[in-house]
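According to TrEMBL:
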type: DOMAIN; residues: 32-124; note: domain 'NarX-like N-terminal'
type: DOMAIN; residues: 143-223; note: domain 'NarX-like N-terminal'
């Protein structure tokens, strides 16, 4: 995709305007805020994943759609979280996240952006979103809030693994990307076991986690194609399976939110 074409697409989609969807007048509950701020962790990396797929010419139309959705969703959630900022600490963390996002967002709208800058800013936004999510969890002070955070972090890890794989395949920060991928895979597997063992996990939640486990099998297979001769197919498989496990994990987070 040419840079000019992509920028036109982004402008037409409202991705460069800085506008967000209208925010409902009702304040969020803390479990919902944990879920939404946790979703921002995932979106910061899902955007990077989509950008990497576009740059490498893999699944271009799907990647363009994922990127558009990720940018728009991030903006909308930032606005929604303004309805629940109990205390100066959360307000300050939300402002930091907003500032980091404003620096990161233009990079995702430009396929000629420096890949190392995309890496750096995606990590900065992730760290800011993580800090905000933890603050909401502490404000809630409940075991269910911890499970919303933990399961929501699984969404993020699915995209972190894909991002690390694609950066390494691109030859950018290869050693760091390899370490990131290995660590994320181990963390995901452990957290999955923790969620299954949690007393609050209902029969329905365990059923959905079993489906996550099926998707995790396919995702691991894709991630382990590290010396694949067909690089486009390997990247395509990672992009596709990371979306499937994300979708299934999102269902699980919603169930924990409603406990």
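Glycine too: its Cβ is placed from the backbone N, Cα and C atoms.
DSSP places the residues of the domain 'NarX-like N-terminal' (143-223) in helix, strand and coil in these numbers: 73 helix, 0 strand, 8 coil. Within the model, the domain 'NarX-like N-terminal' (32-124) shows a mean pLDDT value of 96, rounded to a whole number.
According to DSSP, the domain 'NarX-like N-terminal' (32-124) comprises 77 helix, 0 strand, 16 coil.
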